[in-house]
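Before any comments, here is the structure.
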Amino acid sequence: MKMLTRLQILMLALFSKGFLLSLGDHNFMRREIKIEGDLVLGGLFPINEKGTGTEECGRINEDRGIQRLEAMLFAIDEINKDNYLLPGVKLGVHILDTCSRDTYALEQSLEFVRASLTKVDEAEYMCPDGSYAIQENIPLLIAGVIGGSYSSVSIQVANLLRLFQIPQISYASTSAKLSDKSRYDYFARTVPPDFYQAKAMAEILRFFNWTYVSTVASEGDYGETGIEAFEQEARLRNICIATAEKVGRSNIRKSYDSVIRELLQKPNARVVVLFMRSDDSRELIAAANRVNASFTWVASDGWGAQESIVKGSEHVAYGAITLELASHPVRQFDRYFQSLNPYNNHRNPWFRDFWEQKFQCSLQNKRNHRQVCDKHLAIDSSNYEQESKIMFVVNAVYAMAHALHKMQRTLCPNTTKLCDAMKILDGKKLYKEYLLKINFTAPFNPNKGADSIVKFDTFGDGMGRYNVFNLQQTGGKYSYLKVGHWAETLSLDVDSIHWSRNSVPTSQCSDPCAPNEMKNMQPGDVCCWICIPCEPYEYLVDEFTCMDCGPGQWPTADLSGCYNLPEDYIKWEDAWAIGPVTIACLGFLCTCIVITVFIKHNNTPLVKASGRELCYILLFGVSLSYCMTFFFIAKPSPVICALRRLGLGTSFAICYSALLTKTNCIARIFDGVKNGAQRPKFISPSSQVFICLGLILVQIVMVSVWLILETPGTRRYTLPEKRETVILKCNVKDSSMLISLTYDVVLVILCTVYAFKTRKCPENFNEAKFIGFTMYTTCIIWLAFLPIFYVTSSDYRVQTTTMCISVSLSGFVVLGCLFAPKVHIVLFQPQKNVVTHRLHLNRFSVSGTATTYSQSSASTYVPTVCNGREVLDSTTSSL
């Protein structure tokens with residue numbers, strides 16, 4: 001025990017030496033408030049602001065200093081008058097000034113531990129005569145400490161007080177470091193740690209989509225740990241820090257000007273987050289005012305709702321969003337504080353300086369060349385507004401009182417006064433067993449809900465609740481308006497917020513992308529991007545990804561998804577359809593006229609000599625070719641597609657099979673005559689019909705196999721260069737369609753060959769010449785059609801129209817070259833539609849009278865000479 005006492009005395013000597021030396025270095029009169037009591041509470045308040053240069057202390061801190069100090073005195077008075085809380089026990093105080101500096105606060109706090117070091121156990125020290133040692137100027141024994149205000153101050157003081165097991169309750173220190181019970185195991189606070197505030201600030205930035213911001217922090221635990229917590233919360237929300245600045249303790253104007261210059265180097269970071277002490281915030285706003293720099297400030301409770309911070313610089317702070325711990329005004333304190341004046345407040349040694357500073361007057365004549373203070377000056381609603389943390393100061397004092405009350409009830413059950421067990425307090429027991437377990441309704445709170453409960457969590461922290469304020473101008477006066485609150489979640493009244501430029505500011509590294517653009521993030525930076533337009537056929541999966549809608553689909557107007565494009569095909573009312581349909585109808589009408597004429601004159605020599613059966617088959621094929629136009633114009637469907645594939649090749653096969661049968665018959669007849677052979681076989685009408693049908697059947701079989709192997713159907717086709725158009729087509733390739741005409745091409749070639757071979761037949765066989773003209777013209781049409789068909793493959797309208805017109809032209813060629821001359825003779829030259837017994841040849845000589853091979857056949861054959869040989873010929877006149 002003696003060893004421990006000597007160690008404490010040695011520590012006191014060391015501390016006292018440093019303390020006295022430090023006081024000797026400064027011309028600053030040490031002031032304090034000492035009020036004796038049964039139990040004494042220490043108090044630490046930033047009564048003076050931080051000094052400049054070599055000065056420790058500056059001007060009087062009117063709100064955070066004087067008001068908070070008086071709030072503690074007010075709470076002590078109320079507790080001492082309370083008959084239920086610590087009845088019979090008088091609380092005293094020992095209040096010191098921290099001058100807003102942690103080092104100065106540590107020096108001052110040595111006063112609190114002096115009593116623990118200098119208290120001498122009377123039983124151990126006795127005089128030679130047996131009397132006890134006399135102790136003079138004994139320091140007040142501190143039961144607990146209320147304070148400090150700044151986190152850096154509380155951290156320094158807590159490190160000292162824990163050595164002597166003195167509990168400490170702060171009313172304003174919010175550094176997250178103070179939640180570490182392994183280091184600050186005698187510290188508690190009525191305010192929440194800063195990581196709640198940091199989370200609230202980050203949620204405000206995310207709410208307004210401010211993803212690229214600058215930060216400024218005060219040097220010290222409050223600013224540094226607060227901004228560190230904010231940066232962690234910002235990263236979780238993909239918010240980037242453009243530049244992170246720090247204001248040192250030098251309090252030099254140049255340092256603040258330098259910070260503003262650095263902030264201006266990031267023009268896209270229009271929002272600046274401040275985690276600063278009040279005096280640092282005021283100096284920074286003043287520096288911004290000097291260069292007329294405009295930012296949107298988002299500030300912590302170090303700024304809060306203090307008008308003194310923006311005084312004289314309101315226009316550069318206009319629109320600022322600030323946070324303040326959720327609290328209610330203590331109306332009883334208002335009445336108490338407004339009743340104070342220098343003439344009735346003698347226990348506060350700083351109150352006279354406060355009065356002179358507030359009213360800009362002097363309580364002594366000719367002091368600082370100020371006018372003498374009017375004795376009628378008073379604190380009232382026109383010059384006073386309650387500081388935001390008064391409630392927390394009162395709650396801190398009451399929390400300590402409740403803990404002492406429970407301890408006194410436990411240790412001294414039979415008395416309302418202090419018993420011997422409490423004369424030497426066990427600080428550890430007071431903190432662990434009583435202080436951390438207090439739970440009471442806040443005094444002077446008009447609301448009796450959950451928000452009025454005062455208690456500590458396991459880390460000694462208060463509950464996290466914040467009000468959100470907006471600096472506004474109303475009627476030429478600047479004031480803070482509450483626009484929201486945060487308690488686990490953010491709630492904002494956006495419509496009531498005023499902005500410096502009348503609209504929500506933007507603070508982003510890159511400009512927002514257009515609705516049709518995606519963000520291409522830059523490596524290592526989640527807030528800077530390059531906007532890349534999506535392709536017209538792409539939609540936005542998210543703001544970073546464009547995705548192809550796929551063939552046949554197109555993005556919606558807002559690019560949030562895709563929809564199926566309407567199918568495009570030729571409509572009957574389209575100009576692309578009207579032309580081919582008109583031509584086909586005209587051709588079909590002409591075909592009907594020819595058929596009608598042939599049927600009406602079915603038994604005339606000309607019709608008989610033309611080979612009626614093959615002519616009717618040929619006319620049917622021509623009619624079918626005209627019908628193909630309607631199939632190609634109609635909306636594609638499985639049935640229509642089957643008819644297209646079946647009808648196109650078959651219609652041509654019918655036409656060219658009939659023509660091939662005719663030309664083959666003529667060629668065989670004349671080849672037989674030239675070779676001196678007898679009448680060729682299979683030249684009768686029925687034989688020719690069967691031959692023709694056989695040739696047609698080959699095409700039908702081929703097409704049928706094709707239809708079986710490749711089932712007809714439709715497909716939605718999109719050209720790569722025209723993704724916005726979906727064409728409804730048959731599920732057959734253009735090349736397959738043309739390959740299916742291979743057999744027809746063979747028929748055309750054979751017809752052309754036979755027509756060429758029989759081109760020099762006698763006049764009465766000049767039908768072969770007309771067949772030749774037909775085939776030559778058909779070849780020209782198809783030779784022109786094929787390149788056009790392939791070249792126009794990108795435009796299905798042109799391709800389809802070309803196909804229809806080409807098919808119709810083939811029909812017109814047959815009608816014009818083969819049937820038009822016959823119809824003309826039948827209708828307009830009937831005198832030529834007779835039987836002749838001798839042929840009149842221009843360059844061929846007749847060798848004998850006509851002799852009929854068969855009188856009963858459809859044609860009468862006579863011997864004539866063709867190129868000097870006797871041949872068979874029909875009996876009709878030349879066409």
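Don't overthink the numbers, they just go from 1 along the chain as shown.
Each residue, glycine too, has its Cβ placed from N, Cα and C.
What Swiss-Prot records for this protein:
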SIGNAL    1-22  signal peptide
TOPO_DOM  23-576  topological domain 'Extracellular'
DISULFID  C57-C99  disulfide bond
BINDING   R68, S151, A172, S173, T174, Y222, D301, K389  L-glutamate binding site
CARBOHYD  N209  N-linked glycosylation site
DISULFID  C240-C527  disulfide bond
CARBOHYD  N292  N-linked glycosylation site
DISULFID  C361-C373  disulfide bond
DISULFID  C412-C419  disulfide bond
CARBOHYD  N414  N-linked glycosylation site
CARBOHYD  N439  N-linked glycosylation site
DISULFID  C509-C528  disulfide bond
DISULFID  C513-C531  disulfide bond
DISULFID  C534-C546  disulfide bond
DISULFID  C549-C562  disulfide bond
TRANSMEM  577-599  transmembrane segment
TOPO_DOM  600-613  topological domain 'Cytoplasmic'
TRANSMEM  614-634  transmembrane segment
TOPO_DOM  635-645  topological domain 'Extracellular'
TRANSMEM  646-664  transmembrane segment
TOPO_DOM  665-688  topological domain 'Cytoplasmic'
TRANSMEM  689-709  transmembrane segment
TOPO_DOM  710-734  topological domain 'Extracellular'
TRANSMEM  735-756  transmembrane segment
TOPO_DOM  757-769  topological domain 'Cytoplasmic'
TRANSMEM  770-792  transmembrane segment
TOPO_DOM  793-802  topological domain 'Extracellular'
TRANSMEM  803-828  transmembrane segment
TOPO_DOM  829-879  topological domain 'Cytoplasmic'
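Each residue of the topological domain 'Extracellular' (710-734) gets a DSSP state, and the totals for helix, strand and coil are 1 helix, 15 strand, 9 coil.
Taken residue by residue with DSSP, S151 (L-glutamate binding site) is part of a helix. Beyond its flanks by at least six residues, the transmembrane segment (646-664) meets 611, 614-615, 617-618, 620-622, 624-625, 627-628, 631, 688, 691-693, 695-696, 698-700, 702-703, 707, 737, 740-741, 743-744, 747-748, 750-751, 754-755, 758, 767-768, 771, 774-775, 807, 810-811, 814 of its own chain at Cβ-Cβ distances under 8 Å. Listed recorded positions: T174, N292. The one with the lowest count of other Cβ atoms within 10 Å of its Cβ is N292.
For the recorded positions A172, C513, C528, C534, the largest tally of other C-beta atoms within 10 A is found at A172. Helix, strand and coil content of the topological domain 'Extracellular' (635-645), in residues and according to DSSP, is 8 helix, 0 strand, 3 coil. Looking only at the recorded positions C99, N209, C531, the one with its C-alpha closest to A172 (L-glutamate binding site) is C99. Remote same-chain residues near the transmembrane segment (803-828) are listed as 579-580, 583-584, 587, 590-591, 593-594, 597, 601, 604, 606-607, 610, 615, 618-619, 622, 625-626, 628-629, 632-633, 648, 651-652, 655, 659, 767, 770-771, 773-774, 777-778, 781-782, 785, 789, 879 (criterion: CB distance under 8 Å, separation of at least six residues from the stretch ends). In this structure, the CA atom of D301 (L-glutamate binding site) is 19 Å away from the CA atom of C99 (disulfide bond).
DSSP states for the topological domain 'Extracellular' (793-802), grouped as helix (H, G, I), strand (E, B) and coil, give 9 helix, 0 strand, 1 coil.
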